[in-house]
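**Student:** Take this structure first; my questions come after.
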């Protein structure tokens, strides 16, 4: 028997039921046993190979009305021009959940643009992947900050994912210009702080980090305003197809 809460499915024993999760989640590369692992820290990580800010994809065969929140300075018609300028795009950011008994292992959680051919790039999917200690070394991270959990061993990977689901953090739209991972990371950390999983004030520290464009070696390349995507109750429909994010 499976119970589903806002697209997050669990079995009768309370474990994640990966076969019944909705299409806002993708667990490719996730080790199911990691769900019950306690975590000792949450890292925010800026990727050196990926940036937010993608070519806008027109809505095609959408189930939704084309009503968007946009935190961009320029209208969509100016997007191509801005992308051809010397504008420095922001880093793509992810969360790493460090496992207490993992010997350096972690679970990477991030929000990614649409990966189905019939979906606009703005509609997001939460990607969840298990990383070995060696995998973590191979990640192209240019900046990271570690935040210890309040009570070591009392919070599991599944509890963090369930917190995201309760707050509808898995249903998200990027901005018209493809930005949004920074605001999503900030919102999730804020939720964890409110739930007393992270210490008070951590979200403010995270916001400061996210506001900077980081280059290789942890070099600060200047401030960049955090543009907000939009959280939504919309549900993705249609055939599931993998894309380049896997």
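From the backbone N, Cα and C atoms, a Cβ is placed for every residue, glycine too.
Features from TrEMBL:
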type: DOMAIN; residues: 82-231; note: domain 'DUF7770'
type: REGION; residues: 61-86; note: region 'Disordered'
**Student:** Under DSSP, the domain 'DUF7770' (82-231) has how many residues in helix, strand and coil?
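**Tutor:** Across the domain 'DUF7770' (82-231), DSSP assigns the residues as follows: 42 helix, 48 strand, 60 coil.
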**Student:** Can you give the mean pLDDT for the domain 'DUF7770' (82-231), rounded to a whole number?
**Tutor:** 90
